[in-house]
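Take a look at the structure set out below.
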Amino acid sequence: MATFSIATHLCMFQHLRNSKLPLHGLCTVESSPFFGSSSGRTRFTGTIPTLLRHNVLARAEDKARDPTSSSFQLQQSSQSQNLTPESGSCDPLCSLDETSSQEFEESYQPKTDSLKALAILAAAATGAVAINHSWVATNQDLAMALLFVLGYAGIIFEESLAFNKSGVGLLMAVSLWVIRSLGAPSTDIAVSELTHASAEVSEIVFFLLGAMTIVEIVDSHQGFKLVTDSITTRNPRLLLWVIGFVTFFLSSVLDNLTSTIVMVSLLRKLVPPSEYRKILGAVVVIAANAGGAWTPIGDVTTTMLWIHGQISTVQTMKSLFVPSVVSLAVPLALMSLTSEVNGKGQNSPNVLASEQIAPRGQLVFSVGLGALIFVPVFKALTGLPPYMGMLLGLGVLWILTDAIHYGESERQKLKVPQALSRIDTQGILFFLGILLSVSSLEAAGILREIANYLDAHVASSELIASTIGLISAVIDNVPLVAATMGMYDVTSFPQDSEFWQLIAFCAGTGGSMLIIGSAAGVAFMGMEKVDFFWYFRKISGFAFAGYAAGILAYIALHKLNISLPTLAEVPFLSGS
């Protein structure tokens, strides 16, 4: 899944902690009687360099630099800061991009400003054209296509333009619907289309909101330590496979980003900095994307397809489990033969044994994991949308954490209200903007025209799905899958057809071919400072081999009419 993040901004001091970024001024840390000196009140005097802009990398950096300290300790540190403007700093809610005038002059880049100016002028020109009602009414499709391309370019080049992709996505969505309202037969029709689209998009947003909060609560209690503690081997070749399959199954329940952050943080404890550790991190990326493809809650794209009825729980798990395993096993087998893996044993001590899980962390982990797994069961039992099952799990976990931490004022950070303040709302708003933008293209009939063109010129649905997977290595898979859902519906391809299952598989695993193709890859790149070209030279070939092998495995199983005899044959799950 390209960019589904469960990350959050933490204290600026934690971004700089153990880093090479200089602090201009004086930094002092005051001890806290409960959390210790490393988690107390922090005060800055002077200025701070520009920090990482993205929530995903910020959270990943914190976990990677100091994985021994618990998440709730870091959150206490973040929340207990009391920084004043007089001291040249700010509270945790202030912008991380604030810099002094001196730093601005040092980092001033005329070329970047020129690109920004061109982007703004292009957007203004598009807006000026859109104001012309008669032109829009006559050329609605062209106007919407141009605006979507322009907006998506802003998303792709957000680093160069310094425009946050969430803001660009929201602006693009509103602008597209304005054009649709101008070009529709009547405003009432456009409003009806928008109401229908908003209802569908809201289901996904509520689902993600609940899932992200549950995972954040489990993470704050260090529940995932129960999973990572089971890894004790130091044999390089065996560790490669163990890391891969632990991540694979972890990602099938969590999202691929969270699984990547947890596992790469573990690698920082198990393996010293080396080429071998980078390869293990790349394995985590491939495994996280493969693991998220075969369950309806493992990736945003499969969740979208599941919520809208293109795939069902049981049939998807039966049909995609083997191809997903193949897409991981093939790269693992090929990597096992490389010189970086052979003969490089790691004999580092098991430092994980000294870490302590948060109070009642095991209970919270069990309930949180159970809540996630229960969502498909809830849908099958009640027939209600999946987000209702997710909200049910969140409600149960909310009451539980309130009960077990009642009267513990120093552990408020372990409760749901604080978790809600830490989840990646920026990412949710990005999904909202993208999905509303794509729905406007669907309402205007543009996606249907593209589908008709593909049907006329590309005979094989397998080829269409495979191509979408290849494109997802470059372009975010969320809009790709959303566009595909708008181009085709269940009347074109029925539920659980070969086409929809391949879309779920290809969009999920295709992002592994480039490090920028998925949220897991982006997080790994930030945590381990991996270069794009290193991943392309060392890993992309293995990832492509796994991707192609997985597709061939799916087609072979489908043609031979072979499926796993699963516990999925349970009667109450058969219709989920």
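In case you wondered, yes, glycine gets a Cβ from its N, Cα and C as well.
If you look up TrEMBL, you'll see 64-89 marked as region 'Disordered'. The compositional bias 'Low complexity' annotation in TrEMBL covers 69-81. According to TrEMBL, the transmembrane segment annotation covers 117-136, 142-163, 238-267, 279-297, 317-337, 363-381, 387-407, 428-447, 467-490, 502-527, 539-557. According to TrEMBL, the feature domain 'Citrate transporter-like' maps to 153-485.
Sequence-distant residue pairs (6 or more apart) of the transmembrane segment (428-447) and the transmembrane segment (142-163) include at least 3 whose Cβ atoms are under 8 Å, placing the two stretches in contact. Taking Cβ pairs closer than 8 Å, the transmembrane segment (317-337) reaches residues 237, 240-241, 244-245, 248, 279, 283, 286-287, 290-291, 293-295, 496, 501, 504-505, 509, 539, 542-543, 545-547, 549-551, 553-554, 557-558, 563-564, 566, 568 in its own chain, all 6 or more past its ends. Listed as Cβ neighbours of the transmembrane segment (279-297) (distance under 8 Å, sequence separation of 6 or more from its ends, same chain) are residues 1, 211, 239-240, 243-245, 247-253, 255-257, 259-260, 263-264, 267, 271, 303, 305-306, 311, 313, 316-317, 320-321, 323-325, 327-328, 331-332, 335, 338, 340-341, 372, 375-376, 386, 504-505, 507-509, 511-512, 515, 518, 520-521, 524, 527-528, 530, 535, 538-539, 542-543, 546, 550. Here the listed stretches are 142-163, 387-407, 502-527, 539-557, and the one with the most C-beta pairs under 8 angstroms to the transmembrane segment (363-381) is 387-407. Summed and averaged per residue, pLDDT over the domain 'Citrate transporter-like' (153-485) gives 83.
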